[in-house]
């Protein structure tokens, strides 16, 4: 593919008549001369009859009729608005706001009319979400006036991409600004609610045809040497192709540079010499005049020119350098001449115009050439994508890249202080030579001119001189329009250096536009002016460049941009293998695999955030458990330079502001500082007017200690009180009235009668001062609140924490309430009991009072109230409370546990008991008919030892009691350097109750150190148990013998390793958690034993080789024993693996059998229902 440019983008002409229409020339000399027009046919598109392109997607409900552009309802977003005061405050982002279409309030709007030439669109009758095709015949233009506002409306939206119609006229009349203005004028017809109502799949879109690119002008209707563009005398310098110290007369035609000794000799052939040095008109030559041009008069062909540039040494006149090709395979030659000072600019202008307008091959690598194919084949692995099989005159997207010739003038490196100078020159092999610039998919390649034309040996030699710069390292493009020289500024990560390369090329504009197009095709969602390149260009080539629509891409180019950013920052793309994209959700995981996972470095995170910026694909962004703490700190390098960390406040501000589609932002445990939290609050406040509607914000585990930042966050919440469904600011080190400000924010919006919050968590902010009245007011407006977590807050006064009436009126939807870690006084307990007795408690599913200082009597009153409410769904968590006080259980709690009816789930984890109180607990629960779930994980005794044998036997009796309906039991232990909390090694004494239990389906005995003795007892219990479905027994120091015993329980008569005479075997256990820790521990021990055996074996072999007689026989026997021991260890590892796989296979067998039984029951039920329907139909 190739691309072409419009005349105004390539030819700096001052008169449109030079492009189409008429060209005038003078018939005489002097001011009385008369101008006669000569008609020139206008430049035509390669298309002969009609051209077609795909329009932006039509909005739902658009019809196929209508005339002109009024028939379109463009898929654009409505104009955005921000307060004037805010825009003045955020001056750093003012350019961004103007680029993304955010308008100042009360800004004066004016109308601007522009004529567009096109025909009546003809729409195809497709689905409302498909693209419509618009055909433009070559005849029958229809004038259509478009009104638009003055401000820019470039919107980074997945529904909108910059598009233009096929360019057939002047470049300024077909700029993107007008296309954007057209969309803006139609934006008033667009319904914002329709955007939100569109299906999810709409944002993925469908492929669009590439946008018609800029057409490069051509004047092929003029025969060679048929137009004289310019002429004048030139003072010749040394090393030129002319005679030394001589002057000659030069004539520039539309194809050749000619030379004559004097102007008079040229006039004898061509006449009209007075206009040769004038830009007012060009002379057309007759065939007779053209035929008089001989070979000796031809200096060079315009198609052979590589670049033209001027040079002026101190104290001398300006000199024009022309770099041109003698042949493709040889190094190009140079030509120098010095015209009069008043003609230098005119010569440069006409030479440039001649190359761009009349010499389509100047500076271009011809298609089909060996060199072009070599570059394509060799650099394809370097992510270069160049057009290959496209006709020369076909317009194509600029983003395909390209290849051009240029003259490498100089290279400078800035940023390295040398002798108190801020810039230095660094000579490279290609400097001062003609080179090839290849703009690829992700890189800019600078290659030797003859690369690919010589022998393979020469190619390999020149290949080492290739310069390669990632596209996104391009920091600036500077263009000297006077002589087509331009500079590319590349950034580096080393000492913040910048490499400035200056080139001269006849195709300078094409190269610049191609580089811009490739960068903008990667950052196509970035607002214009935020593409990352500083432009010093004329207006004609600094306007937005149309790029192909990427709506068909599920991630809107995120993957391509991330890869390009990795090249620019020298980061391995594999670093982001744990970044998962699932539809509209992106989840960032730690980099690395397995235990080697780590947080991201500064450059790695910068790449990721740059790729996410302005990307409107993702509605859910999660950085859960990604630490940013080290990314904000400056780092001193080995050379003494300081590399500053990321400005996370600005990064997250742009992340939120650049994507108004964000609905969920998960920053849990990210260690963000307080300024970043404030910046996020400012972004969600400012982004509301840009269309942001945040639904869930998780800031748990970050630092929000600054009151001003919390206030800013609260101001943002005010805007989103009607959209936020969930918010977690737990453990954020919020101090003072910060929590009060956040709660008040949800009721401070006068436009929101009741906020939409469903989940609210403020736990763990120990330095905050929560006001009970503000909490009460917040809850009264919480009509949808389902989950409330206020655990770990500082001690409250003796006034009630929560009012029972308030909880009862809290919308009736509260399902989870966490009061853990808060001292509950009697007045607060009365209010809670009153609420439990109300009808609104029927929706509750979780009630937590862990670590609240409750005694046994208070817990009994809560359990009794829960039982009377008849809410069988609620789980009561009362762990970390001293229920026995080191003595017997209170009689009230014993009676409630034994006779209570209604509560079904009780969590008493991390509780401390006396031996007698624990026994009373087991006896009482064994008499309860309603408890189905009991959590006694990490329990401990006051004596700081494991429960004795008698206590464990009572646990077994609790499980096998006739009245027990216990289905789930959690006895997981916990080990810390300070305290060991577990049932301990005597727990296996209770396993006889597991075997006799009729209802137990889930058992967790993890981390109790049962060893093989406990495993054998558990195997016997599993053999006779017919109810257990799920078992976790890891971290119990079980070895191969214990796992063999477990395996034997699944087979009638046991196994070869553990035979038994019992005819029973387990057929119900379907889920056996793999004992990973025990396997690792046992394997490590066996491998360590093998290593020690190997060392002993080597020593024994050495002694055996140096001994004789009786000693030799003894060492040989010892060596045989060592080898047997090592082989036994190796075999033990294999047998352990077979045992675990055997247990897994047995549980899979049980699961398959139970699934078959379930399917059979369903079939029987279906048949019975069919019979009932048949009987009913008969009557």
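Note that Cβ sites are derived from N, Cα and C of the backbone, with glycine treated the same way.
Annotation source TrEMBL lists region 'Disordered' at 1-76 (among others).
Positions annotated as compositional bias 'Polar residues' by TrEMBL: 19-37.
Positions annotated as compositional bias 'Low complexity' by TrEMBL: 45-61.
Per TrEMBL, domain 'LRR-containing protein second PH' is recorded for 422-548.
Under the heading region 'Disordered', TrEMBL lists 1147-1179 (among others). Same-chain residues lying 6 or more positions outside the region 'Disordered' (1147-1179) and placing a CB less than 8 Å from one of its CB atoms are 1050, 1066-1072.
Residues or ranges marked as compositional bias 'Basic and acidic residues' by TrEMBL: 1148-1179.
In the predicted structure, the domain 'LRR-containing protein second PH' (422-548) carries a mean pLDDT of 80. Across the range of the domain 'LRR-containing protein second PH' (422-548), the DSSP-based residue counts are 30 helix, 44 strand, 53 coil.
When DSSP labels each residue, the region 'Disordered' (1147-1179) comes out as 32 helix, 0 strand, 1 coil, counted as helix, strand and coil in that order.
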